[in-house]
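What TrEMBL records for this protein:
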- 1-112: domain 'DDE Tnp4' (DOMAIN)
Amino acid sequence: MWVSAVRPGSTHDLTAARELVLPALYPYAARGLPVLTDKGYTGASVGIHTPVKHHPDGPLHTDNRCYNSLITALRAPTERGNALLGCRRALHQVTVCPQRIGAIAAAALVLTSLDRGSR
């Protein structure tokens, strides 16, 4: 999971990822290590694996459904971490300098994973 520095509220996730993290991931993608994302990152770059979008023409082919299930299963722990991070009440109304929010969110993610790992 990646937590970025604070960005203006109007910045789309894909735009922020293209500016801040995707260039650092290109060498890994070139070595065949997959980067898994959700459908919002379709077309992000080579080596970025996203689920296949459903077409209005009809149902997805079985191969595409299996591919989507695999990506979803591999991303599940990260999605769970994101959901747990969103439950932290301390992050709902942060009143510190906006430049520190990314570090606070990253620390909360570590604490959440440590807390959940002990159960």
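Cβ coordinates come from backbone N, Cα and C, glycine included.
Note: TrEMBL annotation is automatic and uncurated.
Regional average pLDDT for the domain 'DDE Tnp4' (1-112) in the model is 80. When the domain 'DDE Tnp4' (1-112) is classified with DSSP, helix, strand and coil residues number 63 helix, 4 strand, 45 coil.
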